[in-house]
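A short worksheet on the structure shown next.
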Amino acid sequence: MPESAADCKDIARQLIEDEPGRSIRVIMGGGRQMLKSNVTADEFDPIDKWACYRQDGRDLIADWTRDKSSKNLPYSVVQNNEELSRLDIDNVDYLLGIFANGHIEMDWKRERGPKGQPSLEEMTVTALRILQKSEQGYFLMVEGGMIDFAHHRGHAAQALLETVRFSDAVNATLGMIDTDDTLVIVTSDHTHSMNFNGYSPRGSSVLGIAQKSRYDGVPYTKLSYSTGGPNNIAYTVNKDGRAVRIDPSELNTSDFTYSQQATIISDEAYHGGGDVAVYAIV
């Protein structure tokens, strides 16, 4: 914690120690290095340098298990695909699934083996199977948080795949519920600055080239960002010392590591100011 927040309780402790966090039945995602002190990396799960790293000697995962055990509540803690697949749903009412030290991995490079991380759909299905045992109903929130993460780094292909994976979770949900008594709401908390550029050939890939600019003759992609990080720089200096736009047709614009060009360069791609839709399925 920074000195300015010395008297504040960090979010991880609020989740484990305070209400409503301590009464939440299903919690799944990343964040091990915020919950447990001095965790180490392994071949599938590095330490997240961008995120917080607990060093106060606390193990909030152990605290969570002690709390549930002291109340004789049926619980389980899982940390990878293998443990999640072996979960005895009938004998678990409280589940803590922590699958990464920091953020959950992007789906395009997620380790799918026994020691890897589950998909958003797999976590959603597991959560529903536990919560649907209750006769009192339930509230489940599922976040496709890596959509935002990919957009901030100006990687449109990654963001679109994460959107598809979020859609998979929604479709799986609809296959497990009765919409006569369950309301499904799908929305977002903000937009991003990714733009769809016009005048591209019908039927061409959304990750491909639109056409050549009528100003500089250099092709432009269907997708670009208003703002971006250094990896989204659109210009280079040619052998004559002139600043020219980088030709995206010479690169694999469909690759997950490709960075779309941005108009304004800063530390990362920023949020947009557009309206977001709220979809209700009833």
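Every residue, even glycine, has its Cβ placed from backbone N, Cα and C.
According to TrEMBL, the protein carries these features:
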BINDING   GLU143  Mg(2+) binding site
BINDING   ASP148, HIS152, ASP189, HIS190, HIS271  Zn(2+) binding site
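Locations of recorded TrEMBL features on the structure.
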| residue | record | contacts (Cβ under 8 Å, 6+ apart) |
| --- | --- | --- |
| GLU143 | Mg(2+) binding site | none |
| ASP148 | Zn(2+) binding site | HIS192 |
| HIS152 | Zn(2+) binding site | HIS192, GLU268, ALA269, TYR270 |
| ASP189 | Zn(2+) binding site | VAL276 |
| HIS190 | Zn(2+) binding site | HIS271, GLY272, VAL276 |
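Listed in chain order, the extra residues whose Cβ falls within 8 Å of the Cβ center of the Zn(2+) site residues ASP148, HIS152, ASP189, HIS190, HIS271 are HIS151, SER188, THR191, HIS192. According to its DSSP assignment, ASP189 (Zn(2+) binding site) is coil. Around the Cβ of HIS271 (Zn(2+) binding site), 14 further Cβ atoms fall within 10 Å across all displayed protein chains. Reduced to three states, the DSSP call for HIS271 (Zn(2+) binding site) is strand.
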